[in-house]
Amino acid sequence: SVSAGLDLPGIFLFAILTLMTLIANLVFIEEAVYIYRKIPSSKRSIIIWINAAAPVIATTSCIGMWIPRSTMFTDFTAAVFFATVIHKFLMMMIKECGGEKLLLRRFENGRFKISTGPCCCCCLCLPRVRITRQTLFWLKLGTLQFAFLRPVLMFLSIVLWTNGNYTLYNFSPKGAAIWISCFVGVLTIIALWPVGIMFQQVRTLLICKKIIPKFALYQFILILNHLQAAIINILAMQGIIPCAPPLSSSARGAYMTQQVLIMEMFLITLISRVVYRRRYDDLEPLECTSEEAGDNKQAP
């Protein structure tokens with residue numbers, strides 16, 4: 001077992017990280033109760049989903065830290081959950097504008113700037129697209145496809161893994177991992193593009209809703225959970241992170257990723273509690289007040 005091979009500092013580190021995971025989950029539960037009581041029902045579930053991203057990633061990392069053989073399942077679970085969060089974040093921005101109908105009415109003569117990251121940030125010559133019901137449908141479809149296809153690819157990976165055809169850290173051209181990872185990467189970029197387009201359009205309108213820090217937290221979770229983990233895994237595969245028997249380089253890289261993620265997601269959970277908690281009876285700018293009133297009329 002893991003605990004049997006740990007010295008006293010290692011046991012202390014594992015205990016501290018487990019405690020941080022527990023605190024993150026308790027903070028999220030308290031925040032979920034607040035959201036359920038204070039926020040209109042039209043936005044309630046979406047905001048709870050987004051707030052759950054950091055605690056879920058911390059929990060899966062903690063399980064993977066204690067049970068190393070579950071790393072593949074915990075990593076995939078966190079990735080699938082965050083794929084849904086990407087779609088939920090897009091829907092939250094639409095809801096914060098008062099819903100799809102009010103957003104279309106407000107921007108009836110506006111145009112989406114599609115030359116934004118991560119797909120087309122360098123393609124400044126791209127034309128702006130009219131904001132219509134059809135373009136909103138394509139934006140929502142761009143994030144929804146990832147929330148649907150990521151679990152399908154997870155299931156395929158587990159089936160190949162049980163048959164011995166999939167190794168998590170084997171990126172040789174003959175293996176399935178490199179092709180599935182590349183396909184997931186393309187789908188991820190396609191899913192992130194609509195969120196960036198919508199944020200560029202509504203960030204000024206929703207500044208009173210703290211949309212900029214909310215978007216920053218969402219970006220931090222994305223970068224830390226995907227890019228940071230990929231960099232550490234590459235360093236481990238190249239031998240830059242040395243092996244320490246009985247742990248191989250890839251196993252040490254997985255341990256480092258999980259431990260760092262727990263600390264980072266703990267901090268993000270605390271910051272999210274501050275950013276997403278706001279009093280709905282406070283005075284706000286006129287445009288925000290009218291939107292909030294429209295939401296309250298829709299709420300049962």
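Here the Cβ of each residue, glycine as well, is placed from N, Cα and C on the backbone.
Caution: TrEMBL annotation is automatic and unverified by curators.
What TrEMBL records for 12-34 (among others) is transmembrane segment.
The feature transmembrane segment is assigned by TrEMBL to 46-67 (among others).
Beyond its flanks by at least six residues, the transmembrane segment (73-94) meets 43, 46-47, 49-50, 52-53, 56-57, 60-61, 63-64, 100, 103, 136, 139-140, 143-144, 146-147, 150-151, 154, 157-158, 168, 184, 191-192, 194-195, 198-199, 202, 206, 211, 214-215, 218, 221-222, 225-226, 229 of its own chain at Cβ-Cβ distances under 8 Å. Marked as transmembrane segment by TrEMBL: 73-94 (among others).
Look at TrEMBL and you will find 137-161 (among others) tagged as transmembrane segment. A Cβ distance under 8 Å defines the sequence-distant neighbours of the transmembrane segment (137-161), meaning residues of its chain 6+ beyond its ends; these are 72-73, 76, 79-80, 83-84, 86-87, 90-91, 167-168, 176-177, 180, 183-184, 187-188, 190-191, 193-195, 197-198.
Residues annotated as transmembrane segment in TrEMBL: 176-195 (among others).
Look at TrEMBL and you will find 215-236 (among others) tagged as transmembrane segment. Sequence-remote contacts of a segment are chain residues at least 6 beyond its ends whose Cβ falls under 8 Å from one of its Cβ atoms, and for the transmembrane segment (215-236) they are 50, 53-54, 57, 75, 78-79, 82, 85-86, 89, 169, 188, 192, 195, 199, 203, 249-250, 252-254, 256-257, 260-261, 264-265, 268, 271-272, 275.
Among the features that TrEMBL reports, transmembrane segment is placed at 256-276 (among others).
With a cut-off of 8 Å between Cβ atoms, the residues of this chain six or more beyond the transmembrane segment (12-34) that come close are 2-3, 6, 48, 51-52, 54-55, 58-59, 61-62, 65-66, 259, 262-263, 265-266, 269-270, 272-273, 276-277.
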